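Note sheet for the following structure.
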Amino acid sequence: MKPDAHHVKQFLLRLQDDICQTLSAVDGANFVEDSWRREAGGGGRSRVLRNGGIFEQAGVNFSHVHGDAMPASATAHRPELAGRSFEAMGVSLVVHPHNPYIPTSHANVRFFIAEKPGADPVWWFGGGFDLTPYYGFEEDAVHWHRTARDLCQPFGDDVYPRYKKWCDDYFFLKHRNEQRGVGGLFFDDLNTPDFDHCFDFMQAVGNGYTRAYLPIVERRKAMVWGERERNFQLYRRGRYVEFNLVWDRGTLFGLQTGGRTESILMSMPPLVRWEYDWQPEAGSPEAALSEFIQVRDWI
């Protein structure tokens, strides 16, 4: 089947609706929608839930941008895209809970297609989801990865280990020499064996996110926390900001190509702190995190 961008867009719009409705039902607060247009072509729907019962901030963004030509920064590494019109669309979300015992989660699914008359379209899917705990609970990481493995299984035995490793490699802070969290799935440039297969996989990842995350939220939301845990959460959120602004390709591409800044930076935590050369107390739960987020096989 030839690539069907309209079909993908309809799925992404439904996915945004479904995730927002599910998160609202769990939290009790509603998302506020901000629809926006891009002068050069396209637009999107940014939805944010703030100061809810469970989530300090949750942002779920849909975007669909298009144009007659790719920016030079995008074609430098992919010369086959030069001179083609393009469409890029996706859903991206980040959830920052109040409770430090609930991890932060991130998910993204996207589709890109570039076309010109007389030539086959160039297209691919990308996406994934990853988990960033502040306090490590093995059963949470195991559930997260088991859900990821199970949704990958129908697409081949090698899919989960391959995309799990890609996620571990991608969400790594080189300047800190540490992982961002316990990983999950990450894939990009997916265009084989055919459109239907790739689209099915992207849908499985998008639909799998809430199954992976919400049982963890339910398990941790009643845990009692205080100033110590909150300060550590804010300190560790600093790593999240550092990764997004220094290493994340999507953030950098969006900012460098004139994307909508408010939507791009919607992933940022609402509050964060840095402290010079801070070290956790030896033997403390805070000190245990650095070992917990080391790359390992969780299942």
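Keep in mind that glycine also has a Cβ here, set from the backbone N, Cα and C atoms.
For Ser92, Asn108, Val109, Arg110, Gly258, Gly259, Arg260, the entry in Swiss-Prot reads substrate binding site, with the evidence type sequence analysis. Feature annotation from Swiss-Prot assigns divalent metal cation binding site to His96, His106, His145, His175; the stated evidence is sequence analysis. Taken from Swiss-Prot, the feature active site, proton donor covers His106, and the record attributes it to sequence analysis. Residues or ranges marked as site 'Important for dimerization' by Swiss-Prot on the basis of sequence analysis: His175. Sequence annotations record features per position, and here Swiss-Prot assigns region 'Important for dimerization' to 240-275.
Cβ neighbours within 10 Å of Asn108 (substrate binding site), excluding its own Cβ and spanning all shown chains: 21. Rounded to a whole number, the distance between the Cα atoms of Gly259 (substrate binding site) and His106 (divalent metal cation binding site) is 20 Å. Geometry remark: Ser92 (substrate binding site) versus His145 (divalent metal cation binding site), CA distance 20 Å. With all protein chains in the displayed structure included, the most crowded Cβ environment within 10 Å among the binding-site residues Gly258, Gly259 is that of Gly259. Cβ atoms under 8 Å from those of the region 'Important for dimerization' (240-275) belong to residues 34, 36, 38, 40, 44, 46, 48, 50, 56-57, 59, 61, 63, 65, 71, 73-74, 92, 94, 96, 104, 106, 108, 132, 171-176, 180, 231, 234 of the same chain, restricted to positions at least 6 beyond its ends. Scoring each of the binding-site residues (His106, His175) by how many neighbouring Cβ atoms lie within 10 Å, the top position goes to His106. Recorded residues Val109 (substrate binding site) and His175 (divalent metal cation binding site) have their alpha carbons 27 Å apart, per Cα-Cα distance. Look at His145 (divalent metal cation binding site): DSSP puts it in a helix. Using CA atoms as reference points, the binding-site residues Asn108, Arg110, Gly258, Gly259, Arg260 were checked against His145 (divalent metal cation binding site), and the closest is Asn108.
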